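Chemist: Copying in the features that TrEMBL gives for the protein in this structure:
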BINDING   Thr73, Asp74, Phe176, Arg193, Gln242, Asn268  5-hydroxyisourate binding site
BINDING   Thr73, Asp74, Phe176, Arg193, Gln242, Asn268  urate binding site
BINDING   Thr73, Asn268  O2 binding site
Amino acid sequence: MLEPVNGRTMYYGKGDVLVYRTYARPLAVAGIPESGFAGCDNVIFAHNITFAVTGEAFLPSFTEGDNSMVVATDSMKNFILRQTAEFEGGTTEALLAFLARRFLEKYPHATSVALTGDRLPFDGVPGSDLVFRRSRNDRASATLTVRRTGDGSLGISSHACALKDLQLIKVSGSSFHGFVRDEYTTLPDSYDRPLFIFLDIGWIYEDPSDAIAPDRGRYVAAEQVRDIAQALFHERNSPSIQSLIYHIGLRVLERFPQLREVRFESNNRTWETVVDAVDGARGGVFTEPRPPYGFQGFSVTKADLPGSGR
Ligand SMILES: O=c1[nH]c(=O)c2[nH]c(=O)[nH]c2[nH]1
């Protein structure tokens, strides 16, 4: 998360800082064919934040028990909560950049801050602009590291945006066959399986300013990435999860040339068949698969796009 200080891992911070900000700046995004998402009003702009700090000045707190330079993690929590009131943006990435900058400005002996914000989604309810329903579904997330550069200015040294915990089932139209068959193989070939997948999708911008300043019109909303994943899952008769995530990655990069890379971590939760649908009839019966579960990890970059010449 945070780069080592003189070759040593050293950081401290606060996790699970829950910040419910109301009436943040509304977000508008450019549309894409796979998604009806055009933005959100941000009436509830809520996050679970993990905040970590480092700097040589903190070494004596570890090695000598000298707390004179320690900003208590309790104070960090207060800082995050109070500063969020002054935040004027409308994206998770912008909130993280704002908090990191403010902290490094306030505490000059801190050299670098790494923070993650998991959005806590609340959905609007019909007929009200005041009542919201907490959603336990997939959610947007971002991680940023902001550090002091040689000339004392502050810069983003790493970033990653994500959609976490997307869980999608396609009841028909997925296969898995042609894999290595030997004395260890018990899995039959499948030509139509009820494919249930858990997906974490991450993306990196060519220029992280596009994530911080959505007014530039190049912000990529997690809802749009979600909708691309759903559309590709629908469109393709996938021969494997490996192939499916590759094609989702290609489509995301095609739609958003401002991105450099898309990353996947997927989990196979294919439903276990109890009663097969008979003679082309619909209506099989399935149950939850038993552990252990398979997983895949893959990153797609612009070099994978057709015609990239790389
Ligand atoms: O999409 C899949 N990829 C695999 O590598 C695999 N292995 C397995 O047993 N089932 C599946 N499904």
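Here the Cβ of each residue, glycine as well, is placed from N, Cα and C on the backbone.
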Chemist: Long-range same-chain neighbours of Thr73 (5-hydroxyisourate binding site), Cβ under 8 Å, sequence gap at least 6?
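Modeler: Long-range Cβ contacts: Tyr12, Gly13, Lys14.
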Chemist: Those binding-site residues, Thr73, Asp74, Phe176, Arg193, Asn268: which ones have a Cβ sitting under 6 Å from ligand 1?
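Modeler: List returned for ligand 1: Phe176, Asn268.
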Chemist: Restricting to the same chain and to sequence separations of six or more, state which residues have a Cβ under 8 Å from that of Phe176 (5-hydroxyisourate binding site).
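Modeler: Those within reach of Phe176 (5-hydroxyisourate binding site), by Cβ under 8 Å and sequence separation of 6 or more, are Asp189, Ser190, Arg193, Pro239, Ser240.
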Chemist: For the binding-site residues Gln242, Asn268, which one has the sparsest Cβ surroundings, going by other Cβ atoms within 10 Å?
Modeler: Gln242
Chemist: Could you measure the widest C-alpha to C-alpha distance across Thr73, Asp74, Phe176, Arg193, Gln242, Asn268, the residues recorded as binding urate, and give it to a whole number of angstrom?
Modeler: 51
Chemist: Give the helix, strand or coil assignment DSSP yields for Asp74 (5-hydroxyisourate binding site).
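Modeler: Note: Asp74 (5-hydroxyisourate binding site) is helical by DSSP.
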